[in-house]
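Notes follow the structure.
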Amino acid sequence: MINSRQNYLNAKRFSADLALEHIIPHNVCFYLIPPIVDLTIDEFEKLALERLKMLRLLEQVTAKNPKVSSEAWREAVLAEVNHEGLRTYAKLARGNLNDDASKAARRRDYLSHFILRFAYCRSEELRRWFVAREMELFRLKFGALSMRDVKDFLEVYELDYKPLSDEEKLDISEHLCASTYNHTRLKMETTDFYAVHFTEVLNLVRDRKCFLKAGVAYITPEHFTHVIGKKHQQLIEDGLKGHLRLLPTLEIDERFAMLLKSIHTSYTGKNYTVAKTGSVPVESLDQLSKKSFALCMRNVHDTLRATHHLKHVGRMQYTLFLKAIGVTMEDALRFWREELTRGKVPIEKFEKEYAYAIRHNYGKEGSRINYSPFSCMKVITTPIGPGETHGCPFKNLDSSTLKMKLTGYGLSAIDADEVAGYAAKGHYQIACGKYFEVVHETKLEEGINHPNQYFELSQLTMEGKERPRQGHAAAAANQSARWNSQPNSQSTQDGGMVGDSSTLNGADDDLELWEIMESKEKETDADGTMLAVPVAESLSKKVSPKQTKAAQEWDDDDFDMLEFNE
């Protein structure tokens with residue numbers, strides 16, 4: 001019975017893949033027809049996070065290079081794509097090929113687009129972000145097409161545009177040369193020009209960047225990309241509205257509801273859940289914080305040193321960070337004991353309550369969950385209450401306070417203004433990257449997505465070694481060598497693309513620690529402020545037994561997108 005059902009599912013998937021191949025015959029596509037395929041929830045999540053990683057990469061490169069030429073932007077994007085190992089999108093950005101690898105890449109691209117539509121249709125802000133990123137991805141893929149590829153694309157989607165013939169170009173060659181920036185006559189002869197109605201390129205007409213005759217504008221392939229892009233953008237915006245109407249039906253399944261709501265804040269970088277094999281002595285934290293701590297962690301560290309107190313979320317954020325850089329549990333207990341007992345926490349209270357929370361964060365108490373350190377998205381989105389110092393300073397501090405803090409940390413007024421300028425525009429991670437560059441007097445080749453990534457890059461930079469492009473084991477070895485001390489009992493784990501598991505593996509079900517600390521905070525704080533408790537943000541690849549059972553049950557079910565498009 002099981003074999004016959006599996007054979008049926010395999011046959012159904014085979015026919016679905018053939019149908020999918022038929023509706024996406026080109027590397028650049030308009031995503032017109034929703035796919036009808038069977039996906040496990042694990043495949044569903046992997047596809048979503050892979051595309052999310054690509055879209056975030058596009059956002060960072062665009063924000064860091066807002067005024068560069070199209071070709072320079074494209075080279076910067078491809079360098080990051082290759083660095084991050086996003087083979088699907090690297091393949092799609094090489095023109096229109098019809099080999100098996102390209103077909104597989106098209107499938108992942110097509111499915112992941114429709115999955116993220118469900119995640120990003122729920123609010124205007126999310127829709128704007130998604131559309132902007134998808135247009136950048138379209139620009140990347142379309143820009144790789146040859147003249148033959150563009151013609152094939154126009155034929156596939158039955159778009160009534162054709163490049164000018166040689167005779168037509170010759171008749172208006174003088175006008176084309178005069179109206180086209182940086183095009184010699186030789187280049188013009190080998191470049192396709194397109195004739196479009198002037199209302200489709202009003203910006204070019206206004207800026208006099210095209211030849212206009214009898215209501216027809218003659219434009220270059222670069223400008224033609226924007227014409228096609230407008231049609232693509234309208235289709236995506238209309239599709240998001242349709243997905244919004246279907247969202248309640250999909251979210252009947254709680255697994256999808258949780259996953260879709262958490263995708264935007266999911267972490268898609270290296271996994272820092274398991275600590276380094278080397279040991280970082282707590283005596284070195286003051287020195288390390290000045291250069292190797294991201295601003296969020298330096299702010300928490302300085303506050304702890306100055307006041308000898310942090311509220312629960314701040315303690316959790318900092319403890320998990322210390323665990324991931326290689327501070328042993330014994331050293332962490334000693335560090336926190338010395339600091340907190342200098343404040344208002346009696347030694348008996350620390351041993352009874354606070355020490356439990358530290359051991360819990362190290363996975364030695366309660367449900368023994370191996371908590372993951374906070375990623376940038378987790379730090380940015382965690383709520384901040386009165387008297388709390390966790391979170392992202394680039395987001396939570398006003399511009400003048402941020403500049404004052406940065407100059408106090410040794411940045412020049414010009415550098416502080418530049419960093420604060422990125423923060424004021426909402427580019428918090430880019431601001432963090434610029435802060436790294438100023439502090440380390442170097443050019444950062446990748447975006448900052450995690451405080452522990454910041455620490456790792458800082459250590460490698462100060463050692464004068466280039467960060468390995470492939471594999472994180474080498475980075476772990478370098479870190480271990482730097483802190484030549486007794487090895488941690490925990491092993492190093494290679495990091496791949498993972499969901500944000502800052503409260504990992506069903507931690508939202510284990511309320512033991514949260515309830516204890518919440519009640520103790522009420523007793524300790526004079527202001528009686530309620531503690532803001534973060535909840536689990538996303539599904540994790542490593543699941544609890546209960547979640548594993550659910551995932552196994554899902555494997556036996558059919559996920560048919562047709563049900564949500566009828």
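Numbers run from 1 along the shown chain.
Including glycine, each Cβ sits where the backbone N, Cα and C put it.
Look at TrEMBL and you will find Cys296, Cys376, Cys392, Cys432 tagged as [4Fe-4S] cluster binding site. The compositional bias 'Polar residues' annotation in TrEMBL covers 478-505. The annotation domain 'DNA primase large subunit C-terminal' is assigned in TrEMBL to 286-455. Per TrEMBL, the feature region 'Disordered' maps to 464-506, 538-558.
Residue environment of Cys392 ([4Fe-4S] cluster binding site) contains 26 other Cβ atoms, counted within 10 Å of its Cβ in all protein chains.
For the domain 'DNA primase large subunit C-terminal' (286-455), the mean pLDDT of the prediction comes to 91. A 10 Å cutoff on Cβ-Cβ distances gives Cys296 ([4Fe-4S] cluster binding site) a total of 27 other Cβ atoms nearby, all chains included.
The Cβ of Cys432 ([4Fe-4S] cluster binding site) lies under 8 Å from the Cβ of Ala294, Leu295, Cys376, Phe394, Ile448, Tyr454, each of which sits 6+ residues away along the same chain. What surrounds the [4Fe-4S] cluster site, by Cβ distance within 8 Å of the Cβ centroid and not counting Cys296, Cys376, Cys392, Cys432, is the set Ala294, Leu295, Val379, Ile380, Pro393, Phe394, Lys395, Tyr428, Gln429, Ile448, Pro451 from the same chain.
When other Cβ atoms within 10 Å of the Cβ of Cys376 ([4Fe-4S] cluster binding site) are tallied across all protein chains shown, the result is 25.
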